[in-house]
Each structure stands twice: as structure tokens, then as C-alpha cells.
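Quick notes on the structure that follows.
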Amino acid sequence: MPPSAAPDGDSTKVWVRRILREVLAGREDPEGFFALCLSVLGHQETRSQYPSHIEPLRAANSSMHSVLTSIYKEYFSKTEDDELELALALSLVEMKDYELSAPIHEPQLKQPGGRRNESGSVWPTSEFQTQRRSPIQPAEADSGTRNNSPQTGPSPKVCSPRTAVEPEHNADAWTPGKARSASCHQVMEAGDVDQSEKPKHPKKRRQRRKCAAQQVVGLPRAPSAAAPVLLWFRRDLRLSDNPALVSALKVGAPVIPIFIWSPEEEEGPGVTVAMGGACKYWLHQALSCLCSSLENIGSHLVFLKSETQGSEGGASLRALQGLAKATGARTVVANALYEPWLKGRDDAVAAALQKSGVECEMFHSYCLRDPYSVSTEGVGLRGIGSVSHFMSCCRQNPGAALGAPLDPPTTLPVPAHWPPGVSLETLGLARMPKRKDGTTIDWAANIRKSWDFSEGGAHARLEAFLHDGVYRYEKESGRADAPNTSCVSPYLHFGQLSPRWLLWDAKGARCRPPKFQRKLAWRDLAYWQLTLFPDLPWESLRPPYKALRCSTDRRHLEAWQRGRTGYPLVDAAMRQLWLTGWMNNYMRHVVASFLIAYLHLPWQEGYRWFQDTLVDADVAIDAMMWQNGGMCGLDHWNFVMHPVDAAMTCDPCGHYVRKWCPELSGLPDELIHKPWRCPTSLLRRAGVAFGQTYPERIVTDLEERRSQSLQDVALVRKEFGQYVDKRSGCDLVPLPPRLVSEALGSSHLDGGVATGGKQFLLPVITRMEFKHQQEDPDADAASNPYNAVLKGYVSRKRDETIAFLNERDFTASVMHEGAQRRERMESDQRRLEGLPRGPAPRGRVRRTPTAKDRFSVVPGGAVASLR
């Protein structure tokens, strides 16, 4: 029904029901529905009839009814006296401005474009009055479509009380809520300008928008003297799917976004290196992008810096108390952080603010599951440390429903007066060192070129991955020479992309690799372990491994850090890390194995370097993975990456090495990962000179050093026999009090908990080669049947078979595929009917002419048919 005239009688109910159906179906927003009622029915009829129109929803959909009612009450909350007083004040302002330019002999002030209210007072046609009439549409003072009443002369300009006018959205703005807000704007303009046009609605929305109708988006309003809300940004530097931001809007008061930089509070009690150089630089850029996003919706971010701690709660508490006193704020909202020292800080802040009459609310958003809510009840403790055990705990003890992602607001209500703050540069996050001659060392130049630090960049990178790389992720995520990973980890760490939004997008993709979604479970597992073991970043969880003999050769450590080990794959990865602040998960395993298993350096050195150089450096994730790689975490890596053999999997043709080690680009594919085996003439032609253009290998006896590492582990396990389970050979780990209480309450009956003195010791996952090495501590790694060193592979058996057949004859390949399919169908049919297995296929298997591993075999019959 076109909004050319307000419906009458029964037609009003029909029209309202039809639009309400659109709202319930998610094709229209509550704000848009209320705006249509104002536009079509008018101010008075909406005020009198709107509650009765939405009354049927009270029983059918109470949540939607409450949302629509809150919008109605918020719009009509001001009394007529308040509106009249405001209008008269604005009229006086206009009169003064007009008298300055009008002739003195003019007896009466005329109001061009003005109209009279019922009491006879003149109501000027101004930007503010237009905004009051359409509270869901941002003010557009310069838009010609907003001047709806006929003008007989130039209208005197009235200064809006707003401190900032919301600019129009950019045409290519990333915000997912743009389509919805733009649709709402079109509907309002159609109702104000041309009453004959139908309201326009978005043609298509993502599935998660089904719940968007129950979400609150910002309603633009003039600056208010009401007590504002302090929105405390930390590692949630985004507008979309931000529960704290939505909660601040629900208060219905001005919102003051703030960011407090207190470096001492970020660091834990030990050596955490929570904010390294790369992380600080990313944080600087992300805050700059967040400032731009807030300015686009008419607000801005207030920066505060404090580097000293004093009373309980520290610098952040004093900053919040000062802001509350200066602005009169009675509410502080933020998204929770889960590092134990930060949670303790937040609890102290909330308690202190509560005593002074300021409410402080924390919302869960940083992880999919609140780590403090995870319980082992009903699951037990066997297998703790693995992601499978963690997911079983989450399924057995489910928390609150995940819910749908929240859309970003279109505007933020602003206060009448902004509190003072400092500039972003004053925080010193992106400060570059200087040389003796005064020039700046711009070490972040390549990081700047490699990343888009904005929230839009996060969504763009995720969308690009879900349209391409996700289809290769399951089998090819380890490839370093191809973009098969999402690269969204830094955005997740700084909260520019929420894990809930990522999960919804991943589930909505055509290809749904469980391996990719499982990464979010690993992330939650890391934070759960950090809550259980607050000293995870610096203290080995398995007591025997604290006494493990480690190398103190600083030259080896520096060569590893700078990418000058002489092993091309390791060097390429470490150079990529230094230049871009990132490397994929497979390469992190490669360089960690080299540092620990071959250089015998302590895992803490690798952890600290990663924390300083990774743009996605996360205390919980890095500490958990380095502990597991260092053989002393709750879990053991069941593999060790060989610095040469691993290249067969991640860089078989050497493209990755050529990119980051260009001095080796002239070497052939077969030798680029082991240049020391190249003939001298080939090295000369390629321009490679060891010790000059490319470093010599810092260690040459890889097998011997690997065997020495195993023997050292066997030695400490034998020395600390009280921490080795005699029955299973597994390591025993002392349990924290939280897990002890759970074990005594429900899981102590499974026999998985043993007592050792006053400690509760739990057998944890232990690498099989360690158990076998315990029997013969002096044996070398090659004789260990459970040797964990991975041999790289290019492809699996089927891929090798098809590749070989494709080289000989495409037709034979198709025939072979068809024959295998028929054999499988016949075998399945026989099994279903209970018949014995059929005769074996004719012909014998043989290896391919270029076979390098046991997977490269092809059926003999297929090969014989090609002769």
C-alpha cells in the first residue's frame, strides 16, 4: 500500500499487520516500522494508536513487543512543555540572527518556511526540527531532499546544538548495517518528499540478519545534558557485533567512547610480553581506524594515558573515576577480558566504581565460550589439554546460547560536552627508533604494506578467504607458497572481528571445513588453560622439564631470530615474520621445532620473540603452543618438523623460499631447500657464496642433535620419577585448585587422579617416543620406533596414483577411476547382503618410476594396460 495517505479504520489495522509481518520475518527493522508509522499515520495518530496496533505481539512475540514499545516510549518521552520550551528557545535564536540582518523599520518578524503549532507559536523549519520529526534518520543539513515545505525566501540558518553532524555514509562503506540503514533512510525520505512512492526494502540479507529485528541500533539525537555512558574500548575495536556498544545504546543516554592505555596493567606478574612492538603498532593503526569509524557515525574516541599504578584497580580505575566525576556518568560498559591479571583488574575496578555509585557492566564477547564457565563435570580429566576433551566439556556443560551477531549502529548519541583527552600519538604505540644521525628507522614499513588495519579490512579478508582459500584449507592449509589460510588472527586478537561473526560466516559458506571452525575451539582452549595456570607464559607445567638441559648459545638464538640459520625454509619463515609480523600455523611449527629439538634452546626464548614480532601475538595461544612444542604443556605435539623434509609439504617447488630468501632464487627446485648439496659450479652460476651472500648452517649434525634432545628428556624423566606414572608411563602434572575441586566433586571416581603428597597429580598426554626412550635412554632417535620426526609429502596415495596415470594417459585415468568405483560398489553391496568378500583384483602393484615414499604405488593391472 503506498503511503500517499494515512489509512483509515480497518485499513490501518491491515496495513500495520502487513508491516509487522515484514518486521517479524526480518525484512524490516523495528526502527523502520516506527518511522513508517510516523510518516504515514502522522505524529498524533501514531501517539494514540501505536500501542494498540502492536498489542497482539505481547503474547505472540514478547521480545519484539518490548523493542517496539521502547522505541515508542523513547520518542514520546519528552513532554509537550519541553518541546514547546525548546521550540521557543530556537525561535528566539532565529529572531536575534534575523534582526541583525533585517531592516529596522520592519514591524514584524516573518518566518519563511515556518508553520504554527496548535497553540499559535511559530515552529521554525530547521535541521533540528526535521531531526526531531524523523528520529531514525541522521541529520543531513545540506541535503536538498530534506527541505520539504515550500520556501518563499532564504531561511535563517539555525545552529544545531549537536557538536558534530553525522556525515553521509561512503558509497563503498563496509558496514554490514549499511543496507539496512540506507533502506530506512530511503523509506523516510519517500514519506517526507514523495508520498506516492512505496517504501523500499533491501532485496537480500544474510541469514544472521533474521535476529537483527530484535537488536537496538543507535538513534541519532541532539546533545543531551543527561548522564552519559562511558563505553570502555579494550580489545574490541569494532562497531559490529559489539555487545558493550549495544548495551550502551540501550541506556538511552549519550555515549562517550574511551580508550585507556596503561602498559603496566597489560603485563602479567611474570614475563608475559603481552604487548610487543608489532602488537603496539597494530593497536595504533587499529585505534586510528576505529576513530574514523566513530566519526562516520557522529562520535569520536577519547584517549587517556596513564603509566603508573597506585590504589587498588590501578591507573584505569583512577581514569574512570576522573571521567565519571567530570562527565557525571553513572554507567561504564565494556567487553570482558580473560587474562587472570586483567580479570582481577576489572573486578577491582567494578567493585570500586560500585562503591562510588557508578555501575560497571562487563559483557562476554572475546571468546565463543567464557573460559571461567567451562567445567569438566561429567567428562572427567582424562585427555585434558586436547581440543577434543575441551569440546566434550563444552558439550556436556553448555553455557549461554551463542546468539546472532549484532549489527553496527548507524549513529551514536553525543554528550553536550566532551571530556578532555590526549592525542593518539601521545600514547607512543607506534614510536620508531632513531639513528645517531637523527633519521628514523621505519621497521614497520612492510607491515604497513601487508595489512589493512581497519574493521572493513577484517571483513574483506574473511570474505576473500571464504570465497577462495576455504576450499583448499582442509588439505592444503600447511602450504606456505599459496594463500590457503584466512589470515584473520590479528583481527580476532584486537577484536576487529568477533569470533561469533567469524563462526557464522564460516557456517554460512558453501564449503564448511571443520578444521577451520575447530581453530576457534583451540583459541578458547588456550584461554581456558591460561585461567587454570596463570603462570603459563613463563613456567613449565610439567615439573621434570624445568630441569631440562638447554643451550645458552646466544649466536644460535640471534641467527634463528634474524633468519640466518643456513636452512632456507626456517630462514624464509623467520624473515617473513620480521617483515610482515605473521606466518601461517605450519611454519610456526617448523621454526619452533628447529629452535627446541635441534638448537636445544628453551621454549621461553621462542615465546618472547613471537610475542614481540607477531601482529597477532596472543599470550594464551602462544604460551599454550610453545609449552606443547617445548614438551612441557598439558599436551604433547606428536610430531617434530624436520627443517628440510617439511619443505616437501609446505613449499615443494621452492616458491616460498625464493620470495623471502631471494639470494637463493637461482637454485633448482630439487636443491633449493638444501643448497649445501649443490655442486660448486651450480652455486657459482646462481651467485650463492656461503658465509657471504647466504649464511653457513649453524648446526650440521641434525640427526645427532635430535637424538641428544631425546636423551635429555629421558634423563630428566628418570631423575624426577615421582612425576612419571609407573603404570602408563605418562607424565604427571600437579592440578590447580579449580580442577581439584571439580575432580573431587564428580570425576575422582574414574581413577584418573592420583595423589602425591599434598599435590593432586594427573596423568596427561605424553609422546610415545618418550615412553619408549625411557626403557633405553641412550638409544638414538633413528632406532626409536615412535620417532616423531615427520617426513614431508607432496600428496597422498590417491593423488600420486591419479597424477601418475594422468601423465601416461587421461583415458586410462578415467577408466581406472571407474573401475575403482565399481569395485567399491560391489564390495559395499556384498557386505550389505552378508555375502563373502569377492575375489581380489588381478595384477600386482608396483612402485612408480619416481617413487620417493611408500604412498607412491599404482595398481599393476592399470600399469600393464598402458603398455
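From the backbone N, Cα and C atoms, a Cβ is placed for every residue, glycine too.
Small disclaimer: the values here were computed from a predicted structure and weren't measured.
Straight from TrEMBL, the features:
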type	residues	note
BINDING	TYR473, THR485, SER486, CYS487, VAL488, SER489, PHE516, ASP616, ALA617, ASP618	FAD binding site
COMPBIAS	818-834	compositional bias 'Basic and acidic residues'
DOMAIN	227-368	domain 'Photolyase/cryptochrome alpha/beta'
REGION	104-210	region 'Disordered'
REGION	816-867	region 'Disordered'
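Between the candidate binding-site residues, TYR473, PHE516, the densest Cβ environment within 10 Å is the one around PHE516. Of the listed binding-site residues, namely SER486, VAL488, ALA617, the sparsest Cβ surroundings within 10 Å are found at VAL488. For the domain 'Photolyase/cryptochrome alpha/beta' (227-368), DSSP puts the residue distribution at 62 helix, 26 strand, 54 coil. Helix first, then strand, then coil: DSSP counts for the compositional bias 'Basic and acidic residues' (818-834) stand at 16 helix, 0 strand, 1 coil.
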